[in-house]
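Database features, via Swiss-Prot:
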type	residues	note
BINDING	HIS108, HIS112, GLU189	Zn(2+) binding site
ACT_SITE	GLU111	active site, proton acceptor
MOD_RES	LYS192	N6-succinyllysine
BINDING	LEU359, VAL360, GLY361, GLY362, GLN363	substrate binding site
BINDING	ARG429, ASP895, LYS896, PRO897, LYS898, LYS899, LEU900, SER901	ATP binding site
MOD_RES	LYS697	N6-succinyllysine
MOTIF	853-858	motif 'SlyX motif'
Amino acid sequence: MRNGLVWLLHPALPSTLHSILGARPPPVKRLCGFPKQIYSTMNNPAIQRIEDHIVKSPEDKREYRGLELANGIKVLLISDPTTDKSSAALDVHIGSLSDPPNIPGLSHFCEHMLFLGTKKYPKENEYSQFLSEHAGSSNAFTSGEHTNYYFDVSHEHLEGALDRFAQFFLCPLFDASCKDREVNAVDSEHEKNVMNDAWRLFQLEKATGNPKHPFSKFGTGNKYTLETRPNQEGIDVREELLKFHSTYYSSNLMAICVLGRESLDDLTNLVVKLFSEVENKNVPLPEFPEHPFQEEHLKQLYKIVPIKDIRNLYVTFPIPDLQQYYKSNPGHYLGHLIGHEGPGSLLSELKSKGWVNTLVGGQKEGARGFMFFIINVDLTEEGLLHVEDIILHMFQYIQKLRAEGPQEWVFQECKDLNAVAFRFKDKERPRGYTSKIAGKLHYYPLNGVLTAEYLLEEFRPDLIDMVLDKLRPENVRVAIVSKSFEGKTDRTEQWYGTQYKQEAIPEDVIQKWQNADLNGKFKLPTKNEFIPTNFEILALEKDATPYPALIKDTAMSKLWFKQDDKFFLPKACLNFEFFSPFAYVDPLHCNMAYLYLELLKDSLNEYAYAAELAGLSYDLQNTIYGMYLSVKGYNDKQPILLKKITEKMATFEIDKKRFEIIKEAYMRSLNNFRAEQPHQHAMYYLRLLMTEVAWTKDELKEALDDVTLPRLKAFIPQLLSRLHIEALLHGNITKQAALGVMQMVEDTLIEHAHTKPLLPSQLVRYREVQLPDRGWFVYQRRNEVHNNCGIEIYYQTDMQSTSENMFLELFCQIISEPCFNTLRTKEQLGYIVFSGPRRANGIQGLRFIIQSEKPPHYLESRVEAFLITMEKAIEDMTEEAFQKHIQALAIRRLDKPKKLSAECAKYWGEIISQQYNYDRDNIEVAYLKTLSKDDIIKFYKEMLAVDAPRRHKVSVHVLAREMDSCPVVGEFPSQNDINLSEAPPLPQPEVIHNMTEFKRGLPLFPLVKPHINFMAAKL
């Protein structure tokens, strides 16, 4: 993979997480021309410059304008008359690299605090409540150089939201009581990351460079850095927050992006009105001209012990900041070649030796002044013994690039691919789009901000050679991550406790790498045959339907077809479910289905990589019902890739060496589940408890030893012997072509695997356990790795139907913001606090998910206390407030998909759940608008109140690593201080000791009836 892994080694810090479940022919450049009228804004002294020539894609119907305000804020305005949601983002070009040395995490803490009250809007949840009532949401993140705040809201309420948002940058309160509470949220956020290998490796990389360089700082912060130590040293953190904000939150370091239905003139006036008062303190842009890795930090080897059983090799070179060369992007060119996965590539050779499975190569962001070039691979057991040889191969490939010299045709191909990607770019969700653009405005001229990261302009062999010259053995840093180093390390990283050992790489090894010769196995990539050439948008057929239509229904297959009538891009989504009773019949078969598809994807990788580069990707997974295949992207060459995958499926020959390697990697991934987050464990156990048939990780591990090569070889024809295929073909494709695609898939399977249809009785889905009225069950487990508890509380309500769906969703809409405000902001139970619907197997209910240092039975009591307060809140709610919630939910539900793949995913969800309610949003919103407050109170009293006659509750308590035991229920009188609402006394729950016995004693719900009459659905 080229140019990647920025997340793995450079995670940003997202905050205020309301939801946890929470990178041809060039295009014709279209310019947004000057409007005919002279704006009233032209002579506005608050505006220094207006830029109306914003280069955009020819397919982009939105209007853009750039502004530079007199106070130095850069602005991009986007007028989109069709948008359901408006959005805005502000990016401050300051991050954790600018933290005071004695208060690590201050910039991140400042980001948290800005959400909690301003002079104009002092109520601490004013902003989040306003957004929640108007179908909005918000978030923010802090990285080394940026603090990025963003929100979305229903399009009518942009001004109200933007006014509240602007106050963050004008006059935040930094209220002392909020500060004392919110430090716990930051601490909980850090605690969540402490045992996460990505965060640990990122901090270790920072810690092993120049300790005086800002890069070495600890960016998240925790209670020790933001409260305990400052208190000991007599530092007032509130004063430091005020000082940090008044020093660095300067308009000359800010960039804003606003998207709304309003005209560009109206958006201009809005931004000028709200942001021209932000003070310009003329803060110099932080720059870091010295690289954190100097000579003494090079030619070093780091042996690192991970938390999970992973084996990775990270090879890093310090390189200069290439940002200014974005029009030629030499790092992209080298990443494209070094990270290539086709025949003759570095990865191809390392895989054939049995040393690695995956490779990522390319430039990685540092900060203004420095960057890195990385080549990262995962290691097989054999690969761990050949690290020196793997790195020698890397230098042989780099030597090949030097010997061949920069190739203009390779640059041209990258340029063409990027140009096609820009021309046919999917529309993005407003919130993500504004956040991304606000960050880019600091780096690129206003008129080129949309194109800068796509359109390559000049081939600069001199720059390619310059970067290539940095990729030498004398500049290398090597990190090996493996459990095999346990007990053999002598250093501990300060903030995460990572165990590691540092050694100088011996000079004879450096010499060996310097003498790397040319390896005849290495070849430059050949011309990419998957680059699309036909971009014709097919005319809508006369019988085109607004929703997927069933155009084929036989014993072998059901084919749903929908010609795109919204996005008009040369793309399609082809989704297939291959239903087989053999895929999940027991843990052994589940393992074999998984390994078959992993081996299949592994063998297809060289072929399919070129397609992926050309914007055509596929996904292949085993499911509890069989196999899922999707092919997405440009429709031009789609059938070629699909045919290759289907033929390979039906004629697959397993390579013995790859079988052993992939089986071993699978065993490690099963073992590594123990190190997942406590809240993820809670969700996993609940799924096992509630689903009729579900195999545990332990059962899969136990059965994996029985998977032998002969057994797997015998399983594949059995799996393919009888199938039922259900498909959705959606996009720039005709009905005739769709029927042809389906026929090709069937013919290939029949010809090569002699596939026959399944019996209708074999097509039944799994069902959900039905809890008894007034029943409350608790299941307890311990997480061996994390020192936090996790809980999922599930109130099962009923089968899915239009009415039940709306009762539940409206209740969830009403409690969502108060839940976050009460349990996270005020009570500080933890960083992860979530409430919302849970749906599985056609059954649904309300769920709460919390991760906390507090014990699970305490979290349970606080959720119950919160629910009681919500009963009163709903009873006291005005009709106007109630209607706001109905409106907010309606807007959320009717928010149109922004791209073909999102619309397709929605329809596919209806197909795999076998509900087929393609017009669900309109049908359910129409019902929603008939609901009254009394309906919701009745729903609560019948289903959710402590004494509700039809209350059905399951709680999963995941204990922290250091807790031996914990009561399942308890009273907490000492905790009930004046600020806490009283928790109700709870009955003694039934403790689940054995999952199988629990399920055996309870009935199952029936399956939901499909919404569609299949005879009528056929065209």
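Cβ from N, Cα, C; glycine included.
Features recorded in Swiss-Prot, as mapped to the structure shown.
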| residue | record | DSSP class |
| --- | --- | --- |
| HIS112 | Zn(2+) binding site | helix |
| GLU189 | Zn(2+) binding site | helix |
| LEU359 | substrate binding site | strand |
| ASP895 | ATP binding site | coil |
| SER901 | ATP binding site | helix |
PRO897 (ATP binding site), Cβ-centred 10 Å count of other Cβ atoms over all protein chains shown, is 16
Long-range Cβ contacts under 8 Å made by the motif 'SlyX motif' (853-858), restricted to residues 6 or more beyond its ends, are 188, 191, 780, 787-791, 829-830, 955, 957-960, 963, 966-970, 972, 975
Across every protein chain in view, the count of C-beta atoms other than its own within 10 A of the C-beta of GLN363 (substrate binding site) is 25
LYS697 (N6-succinyllysine), DSSP three-state class -> helix
Across the recorded positions (GLU111, GLU189, ASP895), the Cβ with the fewest other Cβ atoms inside 10 Å is that of ASP895
With neighbours defined as other CB atoms within 10 A, the best-packed of the binding-site residues HIS108, LYS896, LYS898 is HIS108
Neighbouring CB atoms within 10 angstroms of the CB of HIS112 (Zn(2+) binding site), all protein chains considered, total 26
Closest by Cα to LYS192 (N6-succinyllysine), out of the recorded positions HIS108, GLU111, GLY361, ARG429, ASP895, is HIS108
Taking the centre of the Cβ atoms of ARG429, ASP895, LYS896, PRO897, LYS898, LYS899, LEU900, SER901 as the ATP site, the remaining residues of that chain with Cβ inside 8 Å are ASP426, LYS427, ALA902, GLU903
Expressed in Å to no decimal places, the gap between the Cα atoms of LEU900 (ATP binding site) and LYS697 (N6-succinyllysine) is 35
For the motif 'SlyX motif' (853-858), the DSSP helix/strand/coil residue counts are 3 helix, 0 strand, 3 coil
Using a 10 Å radius on the Cβ of LEU900 (ATP binding site), the other Cβ atoms enclosed count 24
Around the Cβ of ARG429 (ATP binding site), other Cβ atoms found within 10 Å total 16
